[in-house]
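Scroll down for the structure; my scribbles are underneath it.
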Protein chains: 2
Amino acid sequence: MIIIVTGMPGSGKSKIVKEFERRGFPSVSMGDVVREETAKRGLELTKENVAKVSIRLRQELGQNAVAKLTVEKVKSLLKKSTLVVIDGVRSLDEVGTFRSAFPDEEIVIIAVHTPPRLRFERLKARGRHDDPQTWEDFEERDWKELKFGIGNVIAMADHMIVNDGTKDEYDKRVKELVDRVLTQH
Amino acid sequence: MIIIVTGMPGSGKSKIVKEFERRGFPSVSMGDVVREETAKRGLELTKENVAKVSIRLRQELGQNAVAKLTVEKVKSLLKKSTLVVIDGVRSLDEVGTFRSAFPDEEIVIIAVHTPPRLRFERLKARGRHDDPQTWEDFEERDWKELKFGIGNVIAMADHMIVNDGTKDEYDKRVKELVDRVLTQH
């Protein structure tokens, strides 16, 4: 089984990925795949270099370049685990790449939704170097994700979890969701 | 205040609209706006005629034609009610049309999410003349909505409600959501 975790920046995707990891299932971050490629090409891991490699990869391997590189990692992980989590899918086209590459695996999309105002507050508080500090930066970053088609992946999710309450509430919802996914599928 | 209700076909939007109506707030259906225009032009209300008028309206009034016609209806309703619900928004561009037309009104987006498999079962059971009977028809209809950009509206919702349980559970969630929206905003 392949679990695709999706959601807008700052929505709380990583907690879902971590909960699967805590239960012994490996994950692949599509962002890490691009960062690895950047390092492989001898470039420093700056935001600009990663963006550049991301564009070059698409020129070399087509629109779904990152998904194609991710397929290789998922293939090797599926030799050791019955379930692999993919973090960072941004379009239904990428989902299609995984469906074609793994016709015999069940593919389950999990989306997490957090209202924009809350995501903005959380990203501002997180303050990772690429996190937005102004509402304009936030909207620009959101728009970048939306242009890829992440909204379509969210709209077509098999499971939707809402992260609009306290941290404890979200922790509980994530655990319940992972239980449900593991028993239902 | 303007409430925008969005969601994929068969997700359960109308229950949210009805709950606001039950509490005395009027609504405008963007689908009805096109159907009215079709009737005004002396055409029979067939699926084909409504689709044709929808295209002609865009040629005459631009991409957000239906939103523009809806603005007029919302304006007149806001004279009598402090809150108006808009049903059927399909893109962030349309949301932008409403924001520009009503700069002083708070605009709140409510999205409802139902997993695709469940929506398909429900639409098949509903059997309205334009409801899909096969998975291919269902995917085609979904894709029509996604191409408009409905996924972006869902991804940017201020409130998200999930309709993946029993009818009673959903009724309860809708009531709680409407309570929350009316007290928070």
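Glycine residues also receive a Cβ, built from the backbone N, Cα and C atoms like all the rest.
When secondary structure is read from DSSP and collapsed to three states, B:Pro9 (ATP binding site) falls in the coil class. Taking a C-beta cut-off of under 8 Å and a sequence gap of six or more, B:Pro9 (ATP binding site) has these contacts in its own chain: B:Arg119, B:Leu123, B:Arg141, B:Asp142, B:Glu145. Positions annotated as ATP binding site by TrEMBL: B:Gly7, B:Met8, B:Pro9, B:Gly10, B:Ser11, B:Gly12, B:Lys13, B:Ser14.
Listed binding-site residues (B:Met8, B:Pro9, B:Gly10, B:Gly12) with a CB under 8 Å from any chain A CB: B:Met8. Annotation for B:Ser14 (ATP binding site): same-chain Cβ neighbours under 8 Å, separated by at least 6 residues, are B:Asp87.
Neighbour list (B:Ser11 (ATP binding site), Cβ cut-off 8 Å, at least 6 residues apart, same chain): B:Val112, B:His113, B:Thr114, B:Arg119, B:Asn163. For B:Gly12 (ATP binding site), the number of other Cβ atoms no farther than 10 Å from its own Cβ, over all displayed protein chains, is 23. Within 10 Å of the C-beta of B:Gly10 (ATP binding site) we count 24 further C-beta atoms, all protein chains included. Excluding B:Gly7, B:Met8, B:Pro9, B:Gly10, B:Ser11, B:Gly12, B:Lys13, B:Ser14, which define the ATP site, the same chain contributes B:Val112, B:Thr114, B:Arg119, B:Asn163 within 8 Å (Cβ to the Cβ centroid), listed in sequence order.
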